[in-house]
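Annotated in TrEMBL:
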DOMAIN    8-199  domain 'Reticulon'
TRANSMEM  21-44  transmembrane segment
TRANSMEM  130-154  transmembrane segment
């Protein structure tokens, strides 16, 4: 059972509201539980709940088979026969992809922290400064919960209002590019970095 990009898009865009609701609800229950209880406690309680449900269903099916005199076998037979081993090739390709992304992030962070381009480093600094305020307003779990809510709402809102949102994004991007160009023209350090890139 492999989660494909199309399946993920179908969940996020609420193509099947029942499936999306179950996934979204399940994730939110786990995240809200983690915000009030410890990770170990949440995992133990959810595992106990799943085990109790499985026991109950297995006993119910066994009693039903005894009463109806059928031999359907184990009720979880299909799940027990699923191959859950990770293919070595898939693991290798995923780890290669992860290493590529990690290397790109590390080199970009080095570039920003060591002020290779003055303007980019200033933008990065402003972003970090804004994150200090976000961190003082919200804890990590709240940000994860907000991220999950955004994941299940923003794509659908964008899909519904694509034209208006694209128009506003273009307007904002144009203003940001205009301001950045003015700042680059005024600051000689930014000009030197641009000249080096051109050479």
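Backbone N, Cα and C atoms are what each Cβ position is placed from, and that goes for glycine too.
Those TrEMBL annotations? Automatic predictions, nothing curated.
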Cβ under 8 Å to the transmembrane segment (130-154), counting only same-chain residues 6 or more beyond its ends: which ones? 11-12, 14, 20, 24, 27-28, 31-32, 34-35
Looking only at the domain 'Reticulon' (8-199), report the model's average pLDDT. 86
